[in-house]
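Record features, source Swiss-Prot:
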type     : residues      : note
SIGNAL   : 1-20          : signal peptide
TOPO_DOM : 21-230        : topological domain 'Extracellular'
DISULFID : CYS148-CYS162 : disulfide bond
CARBOHYD : ASN161        : N-linked glycosylation site
DISULFID : CYS212-CYS213 : disulfide bond
TRANSMEM : 231-255       : transmembrane segment
TRANSMEM : 263-281       : transmembrane segment
TRANSMEM : 297-316       : transmembrane segment
TOPO_DOM : 317-428       : topological domain 'Cytoplasmic'
TRANSMEM : 429-447       : transmembrane segment
Amino acid sequence: MDYTASCLIFLFIAAGTVFGTDHETRLIGDLFANYNKVVRPVETYKDQVVVTVGLQLIQLINVDEVNQIVSTNIRLKQQWRDVNLKWDPAKYGGVKKIRIPSSDVWSPDLVLYNNADGDFAISKDTKILLEYTGKITWTPPAIFKSYCEIIVTYFPFDQQNCSMKFGTWTYDGSLLVINPERDRPDLSNFMASGEWMMKDYRCWKHWVYYTCCPDKPYLDITYHFVLQRLPLYFIVNVIIPCLLFSFLTGLVFYLPTDSGEKMTLSISVLLSLTVFLLVIVELIPSTSSAVPLIGKYMLFTMVFVIASIIITVIVINTHHRSPSTHTMPPWVRKIFIETIPNIMFFSTMKRPSQEKQPQKTFAEEMDISHISGKLGPAAVTYQSPALKNPDVKSAIEGIKYIAETMKSDQESNKASEEWKFVAMVLDHILLAVFMTVCVIGTLAVFAGRIIEMNMQE
């Protein structure tokens, strides 16, 4: 019994399907018997075809800054009414909707005006939804490459204003009218990008008179998108490494000159920065329209490192000066030994002028310059036998020479220590200056734009 009932139900469903298919086949045959897809679907020639256009943005695929091309995945919804494709559902088994290839019916010749790859037309490989009232809904998916003027002045903290302009290619406003479905594109199914954020989006309808046809307007719908770049990737991979290179450059002046590694560290930083710039150059838009912020900062970092190398050479040269090659000018001693250490609180630094005076030598305590000539018997009543000895006198002269030589060496060492002290003061000054310039330079390049972006939000 159950088996018989199941067979009857199956036969009933199969028969309904056959009859339904038969109704749809008959309907399509009747609709397209005398249908001409080239002719506009209007009652009279003066009537206008009204097309409602809606854009649904699915994905922002790519923004090519170099070629100024934006690739997007969209669905372009188009609705219009075809007076030649109406029917009475009661005559066709209650069929109210059918799906037919878009190439079999008349469709508006909408194109993307600012197309960048030469493929202006919309693909017709999808089907349309046709209702018994003659209303047609066509939502073909498409990947468009549109031209967008990319302004890289504030890269990577930049915003781009891009647009997509859709309009008919041959029908003027007297034959075909296009209206936007709403004042904004549909982003309900938009897949967020890891590099860009959709900050604002709108659409406008324009009536344009072209020079070829000045008497009749052509309509277009333009969708505007404001794209804001997400700068985290560039902050982590470009800006922070450049900032660390700058700080490392400043630390060159914290390294003692006697270590002999100042130039080694400076050259190593320069080589590392050069290799780093070669690696990240592909991340920066290669355009000559403007110098991006990140390009300015990289140039600042390069100049910063080169300046540190030049100044390091001067500091090392100052450190190794001696009285035999350079005489310290009074103003240098006044500024770098007496004035600046007090201003910069170098109270714990041992200065050459504060060193203990060496104890007097035998030659300084004993004036032997009068030991010359002959001593008469009337001068003294007693004369030491040692003074009569020429060897003793020669020894005293030798001691005097040694004392003068030691004094000259002490003065030379003191002058060398003064030059080293000047070099050390320069190192401390330059350390503070370079660290300050590093911070101020970074803020000067990026702070203004970041504040402006926060104010806009």
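These residue numbers are counts, starting from 1, taken along the chain as shown.
A Cβ is built for glycine as well, from the same backbone N, Cα and C atoms used for every other residue.
For the transmembrane segment (297-316), the residues of the chain that approach it from at least six positions outside its boundaries are 238-239, 242, 245-246, 249-250, 252-253, 257, 262-263, 266-267, 269-270, 273, 277, 284, 423, 426-427, 430, 434, 437-438, 441-442, 445-446, judged by C-beta separation under 8 angstroms.
The Cβ of CYS213 (disulfide bond) has 11 other Cβ atoms within 10 Å, all protein chains considered. CYS162 (disulfide bond) and CYS212 (disulfide bond) have their C-alpha atoms 27 Å apart, to the nearest angstrom. Counting other Cβ atoms within 10 Å of each Cβ, the disulfide-bonded residues CYS148, CYS162, CYS212 show the lowest value at CYS212. Taking Cα separation as the measure, ASN161 (N-linked glycosylation site) is nearest to CYS148 of the disulfide-bonded residues CYS148, CYS212, CYS213. Within 10 Å of the C-beta of ASN161 (N-linked glycosylation site) we count 13 further C-beta atoms, all protein chains included.
Mapped onto three states, the DSSP output places CYS212 (disulfide bond) in coil. In this structure the alpha carbons, written CA, of CYS212 (disulfide bond) and CYS148 (disulfide bond) are 25 Å apart.
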